[in-house]
Amino acid sequence: MTLFADYDEIIERISVNQLWDFPGGVHPPQQKALSNQSNIETLPLDKTFYVPIKQHIGVDGRIIVSEGDSILKGQALTASEAPFSVPVHAPTSGIVKKVTEHVSAHPSGIPELSIIIDADGQDTWIPLKPVADYAKTGKSELIERICDAGISGMGGAGFPTHIKSNNTKPLEFLIINGIECEPYISSDDRLMREHAWQIRQGIDILVHILQPRQVIIAVEDNKPEALETMSIACQQKTNYQVVSVPTKYPAGGEKQLVQVLTSREVPSDGLPIDVGCIMYNVGTCYAIADAIVEGKPLIERVVTLTGKGFKSPKNVWARLGTPIQTLLKHGDYDDSTQSSPRFIMGGPMMGFTVTSLLTPIVKISNCILVPADNELPHPDDERACIRCSACSDACPASLLPQQLFWYSKSKELEKAEEYNLFDCIECGACAYVCPSEIPLVHYYRQAKADIRNQREEKERSDKAKIRFEARKARLQKEKEEREEKHRIAAEARKASLNKDGGAAKDKIAAALARAKAKKEALAKKQTQNDALGAPAPESDKTEVASIDEVSTESASSQTSAKTTNETEQAKPVLKSTANESSDITAEEDAEAKAAAKKKRVAAAVAKAKAKKLAAKQIKKENNES
Amino acid sequence: MTMLSLSSSPHHHNRRDTGQVMRLVCYAAIPGILTNVWFFGFGILVQAAIAIVTALVTEGVIMELRKKKTERILKDYSAVLAALLLAISIPPLAPWWVIVIGTFFAIAIVKQLYGGLGYNMFNPAMAAYVMLLISFPVQMTSWLPPLSIAEQSHTLWDAIHTIFTGFTSTGFSVEQLKVGVDGATMATPLDAVKTALLQGYTVTEAQEHIIFDGQYGKGWFWVATAYLAGGLFLIKTKVINWHIPGSMLAAAALLSFVLFLLDGDQYASPLFHIFNGSLVLGAFFIATDPVSASTTIKGRLIFGAAIGFWVIIIRNWGGYPDAIAFAVLIMNMTVPLIDYYTQPRTYGHQSKARKSS
Ligand code: SF4
Ligand code: SF4
């Protein structure tokens with residue numbers, strides 16, 4: 001049962017430009033004409049660049065330069081060592097001034113590790129090593145080149161391109177995303193108009209790597225020039241199809257575009273490749289061509305400067321690491337238009353406001369939007385939800401934004417998850433239409449963050465719990481083993497006791513006998529001494545003798561205790577169990593000791609009695625004698 | 001450095017806010033109200049004025065008591081809209097205290113006691129209507145015949161006088177105004193048919209009765225048509241979706257048509273049902289109240305259709321001639337359930353079939 005169109009049907013519909021639709025969506029005013037009128041300009045060389053070492057999704061590379069190093073334009077600053085890491089490169093030649101934390105191009109602005117470069121003004125390239133003929137080069141080498149050139153998706157998410165390109169699953173459609181559905185932004189539009197040929201080269205390289213059955217280049221129908229240039233650039237290729245997609249936000253969302261072109265839905269826990277598609281942004285294709293054909297790493301990109309806060313909105317080639325204040329200057333930012341300055345990185349629907357003018361341009365920065373005061377309303381007038389469902393009508397993911405909002409706000413996070421919070425692509429269509437001006441996406445982000453935190457915490461506590469349970473089980477097992485051993489030992493002892501016929505009794509009797517014997521001996525000695533005329537302090541001597549005896553006895557009982565102790569400790573016990581086992585032994589020790597003590601006391605009493613008796617007798621004897 | 005202003009995406013917003021939505025609904029009701037004035041006199045305007053003042057005062061006082069931003073909430077026009085809907089649902093010459101009590105009940109009890117706009121489960125206007133109907137059945141069923149066939153025509157002053165004192169300036173009571181050309185007390189067409197049926201007449205006979213002589217039903221027909229126009233305007237401007245009014249009218253028409261086919265003597269035709277009483281008004285202006293209606297697309301279709309069915313069922317077998325309020329309230333209660341079971345399939349869910357292939 002597949003609900004979705006198969007390959008042939010899709011090809012057929014595309015050839016007559018009859019696409020599918022995605023639910024919801026909105027039509028905010030385009031405002032593209034503000035910035036898409038002139039050719040892309042190149043910014044004059046800046047003095048200082050702030051290059052964050054991580055500009056993509058994944059892990060950072062290892063920094064391979066140090067402060068004070070002289071570097072050339074295009075030189076790698078980090079090395080990709082993990083699969084999900086992508087290097088960054090020097091945007092110009094100069095000196096590594098510092099490796100330090102710098103404000104990040106992220107909504108939070110949280111500082112991140114960046115390499116600060118002082119330009120020397122020479123702008124000297126490293127020796128470039130283009131691939132002579134990509135068609136004769138192996139797939140893995142090309143992918144490695146793409147990785148080394150520092151390419152990650154330039155459409156928004158920043159997914160490492162070499163990972164995406166290393167596909168082994170069957171691929172039907174290679175989709176090139178030239179939609180650019182956010183209002184205001186025109187960087188991809190200008191790039192397609194001016195560099196269609198190079199984009200086409202990038203596509204050719206991808207086709208060589210990925211071997212798709214069909215290439216679809218999708219451009220929104222509000223960019224007729226771009227549609228035309230792309231069509232011309234691709235016209236000799238029979239399996240390349242340039243498709244005009246009806247303008248609707250967010251048609252450029254990866255999932256929505258897949259749906260529009262193929263009717264297929266990317267599984268909620270899957271990737272486009274699960275429905276036979278892989279998608280690249282046109283800017284990424286351009287960068288791939290640069291990397292393979294020219295040997296140039298990714299060090300610059302097109303950025304749209306737009307909004308009525310700029311006197312001259314336009315598109316510029318900006319090097320990665322350029323602080324946005326440079327761009328503001330270049331677009332003639334007019335601060336009189338703003339009472340509370342607001343600078344948006346990205347478009348009005350999904351972009352974020354920056355916290356500092358030193359925020360650098362990174363691989364995914366496609367736009368700096370500076371609205372004048374009255375241009376884009378500040379959504380600060382949140383009112384009660386009137387359940388009008390405008391939001392669910394606008395949601396491209398067919399969610400119920402109002403319910404999500406309700407549960408996110410009241411922190412009923414499980415409920416929010418039940419309503420598929422994590423399928424929200426944060427496109428903002430719902431908040432755009434909400435008549436109560438509720439910042440819905442903001443609530444979703446918070447709820448998502450809360451849920452992630454909870455999950456992490458739960459994972460941690462689960463792990464701790466598992467560890468604890470395992471330890472408990474282990475201890476329990478050890479305790480049982482020990483008890484078993486003790487029981488066997490005790491039985492053995494009992495058995496031997498029985499065989500001996502009551503060792504304790506015997507011992508006392510023996511002690512008594514010994515005492516008697518000693519006494520007799522003593523008496524004899526005494527007599528001898530007396531006879532010799534050197535009377536010894538009798539009491540002392542008897543004392544010594546008795547102490548001797550007691551200590552021998554206790555020594556013997558201690559030895560037996562020690563043996564048990566030793567046997568116990570001799571068996572391999574993990575460190576963590578040592579404490580407990582020693583506790584238990586201590587207890588058992590105490591018992592053993594108490595028993596021994598009793599015995600000793602009894603013995604001592606007996607001995608004392610015997611002594612007394614002996615002393616009496618001696619006295620008597622003495623007296624008698 | 002200057003403080004930068006930070007906000008969360010989207011930074012763009014379309015320009016229609018809650019107040020505008022509510023205002024547009026009020027505007028869309030104007031053709032219906034004016035038609036009503038044309039056929040039935042100025043009563044409805046006076047009622048609307050009293051209702052709106054009562055609603056604003058009630059809401060304002062409660063907002064002050066709850067220490068909310070009074071001005072901002074009054075500006076959302078939801079109180080005005082609820083008042084207006086109640087005012088156009090009750091008989092135009094009902095005494096002033098009826099609409100005052102009703103409006104107060106709608107705002108203070110049905111809306112604010114549940115937490116204010118967005119939290120009320122029931123449609124405030126309809127809950128108030130039912131409360132009034134049960135508490136003051138006489139005043140609530142005193143509908144007047146169209147002016148064209150009434151003995152006495154009445155002016156705006158007459159309307160005000162009647163609403164506040166119970167008598168026109170020339171000394172007629174509402175009862176006297178209700179007397180038709182032949183000296184018999186007249187009722188609404190729905191009423192008349194119901195009464196006639198109880199008396200053993202057939203629907204056709206009832207309709208042949210003098211009150212339908214091209215005159216009585218006419219006013220009701222044009223008022224309904226005017227509300228229909230207003231409703232279409234609301235759909236056109238995307239203030240409401242077609243789902244609720246569409247499914248409601250379709251369901252009412254379907255059920256009444258089936259019954260009509262089964263026994264045309266006992267059951268009135270679909271057209272009769274649609275153009276008499278407040279079915280059209282209810283479909284476009286009342287059942288579509290976003291707060292108390294279903295929010296999913298499938299849910300809205302079910303919600304509307306169920307109201308349509310209930311209306312016809314209550315009209316034919318229930319104790320009250322018109323049934324919109326009851327049908328709406330009954331369905332308001334089921335909204336949470338409907339919403340729960342009609343959630344749309346989220347993108348990417350259940351596309352597993354493809355994945356494994
Ligand atoms: S932000 Fe999320 S909930 Fe809102 S419309 Fe977009 S996908 Fe739907
Ligand atoms: S659009 Fe806004 S007011 Fe309307 S239901 Fe959605 S959240 Fe509520």
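In case you wondered, yes, glycine gets a Cβ from its N, Cα and C as well.
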Seminar exercise, completed: Per TrEMBL, the region 'Disordered' among A:448-474, A:475-501 spans residues A:475-501
Problem set entry | Near chain B - the binding-site residues A:Cys385, A:Cys388, A:Cys430, filtered by Cβ distance under 8 Å | A:Cys385, A:Cys388
Problem set entry | DSSP-derived helix, strand and coil totals, residue by residue, for the domain '4Fe-4S ferredoxin-type' (A:415-444) | 17 helix, 0 strand, 13 coil
Problem set entry | binding-site residues whose CB lies under 6 angstroms from ligand 2, from A:Cys388, A:Cys395, A:Cys424, A:Cys427, A:Cys434 | A:Cys388, A:Cys434
Problem set entry | Within-chain partners of the domain '4Fe-4S ferredoxin-type' (A:375-405) [C-beta distance under 8 Å, separation at least 6 from its ends] | 22-26, 250, 253, 255-256, 307-309, 342, 348, 416, 419-421, 423-425, 427, 429-440, 443-444, 447
For this session: Run through the Cβ atoms and count how many others sit within 10 Å of the one on A:Cys391 ([4Fe-4S] cluster 1 binding site).
Result: 28
Seminar exercise, completed: Quick note, A:Cys391 ([4Fe-4S] cluster 1 binding site) and A:Cys427 ([4Fe-4S] cluster 2 binding site): C-alpha atoms separated, nearest Å, by 12
Exercise. Around the [4Fe-4S] cluster 2 site (A:Cys395, A:Cys424, A:Cys427, A:Cys430), what further same-chain residues have their C-beta within 8 angstroms of the site's C-beta centre?
Worked result: A:Gly24, A:Cys391, A:Ala394, A:Pro396, A:Ala397, A:Leu399, A:Pro401, A:Ile425, A:Glu426, A:Gly428, A:Ala429, A:Ala431, A:Leu440, A:Val441
Exercise. How big is the gap, in Å, between the Cα of A:Cys395 ([4Fe-4S] cluster 2 binding site) and that of A:Cys388 ([4Fe-4S] cluster 1 binding site), rounded to a whole number?
Worked result: 13
For this session: Determine, using Cα-Cα distances only, which of these binding-site residues is closest to A:Cys388 ([4Fe-4S] cluster 1 binding site): A:Cys424, A:Cys427, A:Cys430.
Result: A:Cys430
Exercise. Mean pLDDT for the domain '4Fe-4S ferredoxin-type' (A:415-444), as a whole number?
Worked result: 93
Exercise. For ligand 1, which among the binding-site residues A:Cys385, A:Cys388, A:Cys424, A:Cys430, A:Cys434 have a CB under 6 Å from it?
Worked result: A:Cys424, A:Cys430
